[in-house]
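If you check Swiss-Prot, you get these features:
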DISULFID  239-241  disulfide bond
DISULFID  272-275  disulfide bond
């Protein structure tokens with residue numbers, strides 16, 4: 001199943017649902033960064049969460065940043081996701097591996113450890129909206145659900161999953177169910193949803209069973225006037241970094257430091273944190289940057 005996002009409503013518009021398949025883009029992140037099993041799972045869940053949050057934004061070009069700063073072995077992570085379906089991200093210590101949990105699965109909570117989740121929503125103008133919450137357990141899903149409940153006052157359930165073996169990422173994705181204000185006043189509806197979600201066996205198991213997103217939503221909300229909205233949106237791992245952007249970033253070092261790079265290294269090398277692309281700057285390019293800086297001074 002191709003990476004995609006679908007939206008749906010139920011209960012007369014009182015329930016909002018968004019589902020994403022992120023298998024290929026999670027595999028791409030694993031390949032680009034050389035991620036361990038537990039780092040792949042942590043970043044894969046976080047990228048799915050970022051795309052789910054970005055889906056609620058209205059203005060073209062809007063993006064959501066998720067940053068986790070924590071004390072665990074992974075050292076935190078960063079995700080940048082857009083309404084357009086693009087996402088990128090990285091883990092501070094991508095190669096770290098730890099013992100699996102008692103179920104034999106990657107122990108994301110222990111690998112992340114205690115810390116904070118910072119969420120920034122940027123619509124492309126004005127000041128971005130930012131919010132910070134303490135991590136609940138480092139498993140990503142519960143942490144994002146807590147952010148939604150505390151910062152946006154929206155009762156939400158978020159299911160995130162990544163399944164991988166030694167051949168790579170087999171399945172990844174997520175599901176966000178939100179009870180909107182008009183429906184949140186119906187305790188029976190809220191209780192019914194909570195019961196159904198609690199009985200799900202895990203999102204990745206549903207994907208591995210061969211069910212697609214509409215089928216999963218039908219099982220969960222089909223008797224509540226489920227409506228699938230429009231066509232699926234394609235998703236992909238994408239980083240806008242370029243050689244020219246790298247050269248622009250080098251200017252912040254200033255002319256003296258650039259001269260030092262020429263003298264000591266005969267050029268410069270920069271690696272993009274988000275996609276691990278390596279860029280080289282020649283002596284001639286550094287000299288041109290120095291000239292630009294001195295002309296502007």
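Backbone N, Cα and C atoms are what each Cβ position is placed from, and that goes for glycine too.
Recorded residues residue 275 (disulfide bond) and residue 239 (disulfide bond) have their alpha carbons 6 Å apart, per Cα-Cα distance. Rounded to a whole number, the C-alpha distance linking residue 241 (disulfide bond) with residue 272 (disulfide bond) is 7 angstrom.
Residue environment of residue 239 (disulfide bond) contains 18 other Cβ atoms, counted within 10 Å of its Cβ in all protein chains.
Comparing residue 272 (disulfide bond) with residue 239 (disulfide bond), their Cα atoms are 9 Å apart once rounded.
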